[in-house]
Amino acid sequence: MERYDELKKGESGALVSIAAYLVLSAIKLIIGYLFHSEALTADGLNNTTDIIASVAVLIGLRISQKPPDEDHPYGHFRAETIASLIASFIMMVVGLQVLFSAGESIFSAKQETPDMIAAWTAAGGAVLMLIVYRYNKRLAKKVKSQALLAAAADNKSDAFVSIGTFIGIVAAQFHLAWIDTVTAFVIGLLICKTAWDIFKESSHSLTDGFDIKDISAYKQTIEKISGVSRLKDIKARYLGSTVHVDVVVEVSADLNITESHDIANEIERRMKEEHAIDYSHVHMEPLEQK
C-alpha cells in the first residue's frame, strides 16, 4: 500500500499546478489581448495547455491508485503514462496554432507595441511558476513520481517562457514591435518541443522501452550477490512511474529450495535498497554444466 499512498500525496502537486495555471492563463490572455501583446497571449495559451497536462497528471495519479483486479493483474499504474500521451497531442495542436498566428503577424503590416503592463505580467508569472516548480520537484522526489517530476520540469520551462516573453515585450518598447511577435513564434516552438518530448517519453514507456544504462546498473548489482553463479537474463519495464524487473539467474544445482529462495530474496532486497525497485520477479535455474 506504500506506493498507493505516495501516489495519493502526489495529487497535491497536480492541484497546485492546475490552480496556478488557471490564474495565469486567464490574466495573460486578458492582458495580452487588451494591451496588444502577441507574446503574452501565446504565453497564456501555453498555460492553457499546461492546465490540460496537469489535469491529465491528476487523473493518471488517481486511476493509478486503483488496486489490481481481474482485468489488470499488474494494477493501473500506466494510467499516468496514457494521460501524459493524450496531453502531448493537445499541447502540439495549441503549439502549432501559436506558430500559425505568430507567422501571420510577422508578415502583417500591422504591428503594435505592447504596453509595459504586459511585461510585468509575464515577470510575475515567471516568479510564480518558479515557486510552483520548486514545490513540485521536492514533492516528486518525495513520492517518487516520474509524472509529477515531468510536471515540475514543465513548470520550469513555463517560467523560462515567461522570462522570454518579458524580454521580448521590453525590447518592443524600443520601436521594435516585431520582436514581440518573434518571441511569440519562439514560444510556439517551445510548446511544440515540450509536446514532442512528452510524447516521445510516454510512447517509449508504453512500448516497454527502457534505458540500457539502468539495465547495466541492475546487472552489476545482481552479479555481485553471493550465490548467483550466472545472470542468465534480465528485463525491465515501466508501469507508470514504477519499475518492474524480471530476472533469470543460475545457481548451484547442489542448493536446496530454501537456499535458492534466500538468494532470490536477497536479489529483491538489493534491488529495492540500491535502485528503489519494489517489483522484482526472480526465476532460479540450476547452473548449466559445460
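Glycine residues also receive a Cβ, built from the backbone N, Cα and C atoms like all the rest.
According to Swiss-Prot, the feature transmembrane segment maps to 15-35, 39-61, 82-102, 113-133, 159-179, 181-201, an assignment based on sequence analysis.
Of the Cβ pairs linking the transmembrane segment (82-102) with the transmembrane segment (181-201) and spaced 6 or more residues apart, 3 or more are under 8 Å, so the two regions touch. Among residues of the same chain six or more beyond the transmembrane segment (159-179), those with a C-beta under 8 A of the stretch's C-beta atoms are 37, 39-40, 42-43, 46, 106, 111-114, 116, 118-120, 122-123, 125-127, 129-130, 133, 186-187, 190. Outside the transmembrane segment (181-201) by six or more residues, the chain places 38-39, 41-43, 45-46, 49, 53, 84-85, 87-89, 91-92, 94-99, 101-103, 105-106, 111, 150, 154, 157, 161, 164-165, 167-169 with a CB less than 8 A from a CB of the stretch. Beyond its flanks by at least six residues, the transmembrane segment (15-35) meets 41-45, 47-48, 50-51, 54-55, 57-58, 114-115, 117-118, 121-122, 125, 128-129, 132, 135-136, 151, 155 of its own chain at Cβ-Cβ distances under 8 Å. Counting residues 6+ beyond its ends, the transmembrane segment (113-133) has Cβ neighbours under 8 Å at 16-17, 20, 24, 27-28, 31-32, 35-40, 43, 47, 152, 155-156, 158-160, 162-163, 165-166, 169-170, 172-173, 175, 177, 180 in the same chain. Long-range contacts of the transmembrane segment (39-61) within the same chain: residues 7-8, 10-11, 14-15, 17-18, 21-22, 24-29, 31-33, 79-84, 86-87, 90-91, 94-95, 97-98, 101-102, 114, 118, 121-122, 125, 145, 147-148, 150-151, 154, 158, 161-162, 164-165, 168-169, 180-181, 183-184, 187-188, 190-191, 195, 198, 240, each at least 6 residues beyond the stretch ends and with a Cβ under 8 Å from a Cβ of the stretch.
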